[in-house]
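Trainee: Got these off TrEMBL a minute ago, pasting:
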type	residues	note
BINDING	B:120, B:123, B:158, B:161	Zn(2+) binding site
BINDING	B:135	Fe cation binding site
DNA sequence: ACTGTTTATGTTATTACATAACAGATACCG
DNA sequence: CGGTATCTGTTATGTAATAACATAAACAGT
Ligand SMILES: [Zn+2]
Ligand SMILES: [Zn+2]
Ligand SMILES: [Zn+2]
Ligand SMILES: [Zn+2]
């Protein structure tokens, strides 16, 4: 984690392993409840993303996948696609990275959903926030546009890094 | 332009060359007014993006840059960065592509600005819409987050492709 | 015009990100 | 158990973006 901003990034806290295990179990339940399989590579990919608790690059997952040596890219990209479909992770377009969905943090199952993100350019932290988008919905309606997915990402500085 | 959607994409209209020339002249004026140079590679890059009138991949610009043979990537990526800074084009994160700013279409000079986009997954068309984002601004404030740039992209089907 | 300084471009090479294609294994269902 | 669908392993390739350094053009002051 390189930075030249004159302050530390201790405020980017990680999840303890108990909390991660809980999230993984819950993810397995959620998949099985929908007739989907939570396989080893999917679980491992989710584990690595949860461990970071911030947006992670696909190739970071690839590099850390095995204790010794990297995974093959398709293994991880397929797992990422699956986890995203299940609503367990989100892709951050402006970072080419993936982050665990915060909608599950409190133990509730959450269907795949659009989310907005506050992304710190200094410490790399991410906060998922729920927003409605009346204006763009209205603009879309006015244009006869049928919206399927919305990407909303705010880049800037978090409270601790300002 | 490949598609298997059962309808044509004639509704994706291009700009005629007179209109493109006008936009290029205006871009030059806008740069010079700010003490920036509108050089040949920058102008050529903008021309290619205006010609498409829809989001264009960087490597499409690279391939078409010279009548015979491609440009080198840094040439085009540097031009793209410049044009984006000048507010003449926007980067579409979810497509890894660039589109001309529509704020200049009516002859007005427009400062660099955030914009939202309606992006058709079928015909590839793009519509730039102006929106304010009270909810995310509010969420950011509540979190002590200082927003610098916002990406807002709606993917779906345009009126003609629904 | 001369000269130092800044800004932009040319060029080579490399790094980062993502998917196609197909073979093999595993789960699931009747 | 056999057939089918789903998932994984593997190789190779395709696509997107930048690092690093050399060259050239513009600019400002003399
Ligand atoms: Zn979420
Ligand atoms: Zn921060
Ligand atoms: Zn614009
Ligand atoms: Zn369309």
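Any Cβ shown, glycine's included, is placed from N, Cα and C.
Unlike curated records, TrEMBL annotations are generated automatically.
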Trainee: Which secondary structure state does DSSP assign to residue B:161 (Zn(2+) binding site), in the simple three-class scheme?
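Mentor: Residue B:161 (Zn(2+) binding site) sits in a helix per DSSP.
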Trainee: Beyond the listed site residues B:120, B:123, B:158, B:161, identify every same-chain residue whose Cβ lies within 8 Å of the center of their Cβ atoms for the Zn(2+) site.
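Mentor: The surrounding set, listed in chain order, is B:9, B:11, B:12, B:121, B:122, B:124, B:125, B:157, B:159, B:160, B:162.
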Trainee: According to DSSP, does residue B:123 (Zn(2+) binding site) sit in a helix, a strand, or coil?
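Mentor: For residue B:123 (Zn(2+) binding site) - judged by DSSP and reduced to three states - the answer is coil.
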Trainee: Nearest to the residue listed as 'Fe cation binding site' by Cα distance: which of the binding-site residues B:123, B:158, B:161 is it?
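Mentor: Smallest Cα separation from the residue listed as 'Fe cation binding site' among B:123, B:158, B:161: B:158.
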Trainee: What is the total of other Cβ atoms whose distance to the Cβ of residue B:120 (Zn(2+) binding site) is within 10 Å?
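Mentor: For residue B:120 (Zn(2+) binding site), the 10 Å Cβ neighbour count is 24.
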Trainee: Relative to the Cβ position of residue B:158 (Zn(2+) binding site), how many further Cβ atoms are located within 10 Å?
Mentor: 24
Trainee: Restricting to the chain of residue B:161 (Zn(2+) binding site) and a gap of 6 or more, list residues whose Cβ falls under 8 Å of its Cβ, or answer none.
Mentor: B:5, B:7, B:9, B:120, B:122, B:123
